[in-house]
């Protein structure tokens, strides 16, 4: 009895029909990308300081430059790598006093500025950027900065809810896979779809294709359920490991994307550089998948991504070119891991439960995306390097020792 692969050789393995499907998926991915990474631009947080009308008036009266105004009236920066107090706090001083001098207005109030009381920004903030974002429009800084995290988390909640329902919607709106139809013993529909593909590719006429009929099997049809993902020890192991891989890969991938927006310098160039590494990552997958399988490149790439995150912790913030280079290497590594997990996920499950397995496991990717904004932005309030330490995960490579059976998926 001929297999689906045998029929595909007859109707065309990558003809016009497959190219149309490929282009459609590319367009869908292009529409999805701005939603996934848009937080980098929509919620860009520029350097800022408290707005004080009294300070502005004193600065005009004394003719201070911006540097002098900050030096005289704003609390100093914190320790290296820590949040700057001057962004959220201001001196509790009446700047309208006539006794304040232009040379050093705070000298007459306290011998040491650290003794002066600090208070919250009551009149808003001044942002040092010519553009705008939702942060500058709605003052989502300091005590309200968590709302930016909530914004991106809500986007990922939508992805999560969509991933739970898209499998069932796809079964009703998207043409079924020939292999899935075979698993459901619907051979007549398989031949109909193959005939459509053949006509699109201009290969074999439908009358010839009918000669490649498949034998009908009278055994019971297989109907997948959530319990099927855990029915056997092997399926349980694969399901739990794939859930873990999806979750951790999502945290690292989205965490690196968000971290690019917080490194300073030119946001648009930095993001462009980090996005361009997706192309060599895809090329590496194409080159290695037939030569090395899937598991070894995935383990090595995961190690590279984790090592890059750790390395960035120890690189000076002033060496921006080195920071962005290491970040790009890390993103290339985690991109390879992410794409490989997609391939492994589809290959590890039997055909009848494959769609359900991919849907359930990939939903952990969205759960990772829900918590990532809080991990990245909240931890950066404490110390800039803390999110990099947390999202670096080279220890995950030990998991691959448990799934050597998946090597067949890459060969």
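We count from 1, first residue shown onward.
Note that Cβ sites are derived from N, Cα and C of the backbone, with glycine treated the same way.
Remember, TrEMBL labels are computer predictions, not curated facts.
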Ask   = In TrEMBL, which of 204-224, 267-287 is tagged transmembrane segment?
value = 267-287
Request  = Could you tell me whether the transmembrane segment (356-377) and the transmembrane segment (267-287) have 3+ CB pairs under 8 A, leaving out pairs under 6 positions apart?
outcome  = no
Spatial neighbours of the transmembrane segment (356-377) far in sequence, C-beta under 8 Å, 6+ residues away = 39, 145-146, 148-153, 155-157, 159-160, 163-164, 166-167, 224-226, 228-229, 239, 242-244, 246-251, 254-255, 258-259, 262, 342, 345-346, 348-349, 387, 390-391
